[in-house]
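Undergrad: Next up is a structure, given as structure tokens.
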Amino acid sequence: MNRTLYTLLFHLGLPLVALRLWWRARQAPAYAKRIGERFSLSLPEVPPGGIWVHAVSVGESIAAAPMVRALLERHPQLPVTVTCMTPTGSERIRALFGEQVRHCYLPYDLPWAAARFLDRVRPRLAVIMETELWPNHIHACAVRGIPVALANARLSERSARGYARFAGLTRPMLAELSWIAVQTEAEAERFRRLGARPECVSVTGSIKFDLRIDPQLPLAAAALREEWDATARPLWIAASTHAGEDEIVLAAHRRLLETRPDALLILVPRHPERFAGVHELCRREGFATVRRSGGEPVARATQVLLGDTMGELLFLYALADIAFVGGSLVPNGGHNLLEPAALGKPVFAGPHLFNFLDIAAQLRDAGALLEVTDAGELCDGLARLWAQPEVATAMATAGEKVLRNNQGALERLLAGLARLLGRGG
């Protein structure tokens, strides 16, 4: 399939796109708002000639935050526009940057929509986070002489096989990228194999290792645990869980309560549209549950705190003794293992970590990550760490060391972007 056929199929599929938007809006009403932006209509006023950063959703927005802040600091004369595709990503961008950046949804990948968007923004540089590749947007940038960088790029073997099936579309698209800053050498080789120009591919590492924790965060978390009278309670978090994982997590917590009746679980579903359903699941399973969004106090009888707020994940990690990172007991590829590690927490995950293979391997080899496959292993692992605090401390220390040993990717990325800015302007 080439770009012409892709574009034709995209146009033919627009009724399905509209249907999907309607369906998503039923679950999350924010999808019904700002629809014009998705078609390059009603775009906000954007000062031209700056930097455009695309971060598809919440995780990518958080990962991009240190880079965006550094770009604002180092290039104060250049306006920064940050786009995303989801309402939750939009909320996160506004919370992270406020009025420091311009923001809108990225229009759908249609030639006329991409052209209208780029003619409005007229960026000197486009930066796409991770692997959000849109052929028409990238081609429209190339036609206009706008350098495009793929930042913090990752590409699993599974994804590479998928792209390879559409070589007629993928190969010219990758060849139009000005720079691909990848996390590992294995991923660099996959990009080259798919058609990226070898001289445009660099291994810079993952900027997720450059995470900086606000020193006030652990202090605020400790104060809240004291307020809950939960300083001595066994407290663990299951974060970024997906459908099918909550049941496993709750089964592990039920087993844990048999020997540690004062244990408290913070359960944080990945997607906001699942908050109500997971709350109902907790209640149906008989757990004494409170919702973080409701401001209800955590009492001694509380068994589950549902983390149904946005932008608080790091704080919720800081509250816990041990962290389980979701998307990994079901085949979703996992989520960011480094956030809890940066907070000095022993990290648990399931076996499905194909989106974070290198990071998972480093944490596992260092003794900072424990992989579990079911509720029994999860419960046993938690119980062991509370029974042997020295093991928990060793895991936490190992995780912090892995982060320190891998830092510097952000500076390498910023240096490469500065070179592209110089070339483009």
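Keep in mind that glycine also has a Cβ here, set from the backbone N, Cα and C atoms.
Those TrEMBL annotations? Automatic predictions, nothing curated.
Below are the features I grabbed from TrEMBL:
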type: ACT_SITE; residues: GLU60; note: active site, proton acceptor
type: DOMAIN; residues: 34-210; note: domain '3-deoxy-D-manno-octulosonic-acid transferase N-terminal'
type: SITE; residues: GLU130; note: site 'Transition state stabilizer'
type: SITE; residues: LYS208; note: site 'Transition state stabilizer'
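Looking at the shown structure, what environment does each listed feature sit in?
TA: Of all Cβ atoms in the shown protein chains, 24 besides its own fall within 10 Å of the Cβ of GLU60 (active site, proton acceptor).
Taking a C-beta cut-off of under 8 angstroms and a sequence separation of 6 or more, GLU130 (site 'Transition state stabilizer') has the following same-chain neighbours: VAL56, GLU60, ALA63, LEU150, ALA151, ASN152, ALA153, ARG154.
Taken residue by residue with DSSP, LYS208 (site 'Transition state stabilizer') is part of a helix. Remark: LYS208 (site 'Transition state stabilizer') has ALA63, ASN152, ASN336, LEU338, ILE359 as non-local neighbours, by Cβ distance under 8 Å and separation of at least 6 in sequence.
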Undergrad: According to DSSP, which kind of secondary structure is GLU130 (site 'Transition state stabilizer') found in, if we only use helix, strand and coil?
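TA: SS state of GLU130 (site 'Transition state stabilizer') = coil.
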Undergrad: Grab the pLDDT values for the domain '3-deoxy-D-manno-octulosonic-acid transferase N-terminal' (34-210) and give me their mean, rounded.
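TA: Overall, the domain '3-deoxy-D-manno-octulosonic-acid transferase N-terminal' (34-210) comes to a mean pLDDT of 95.
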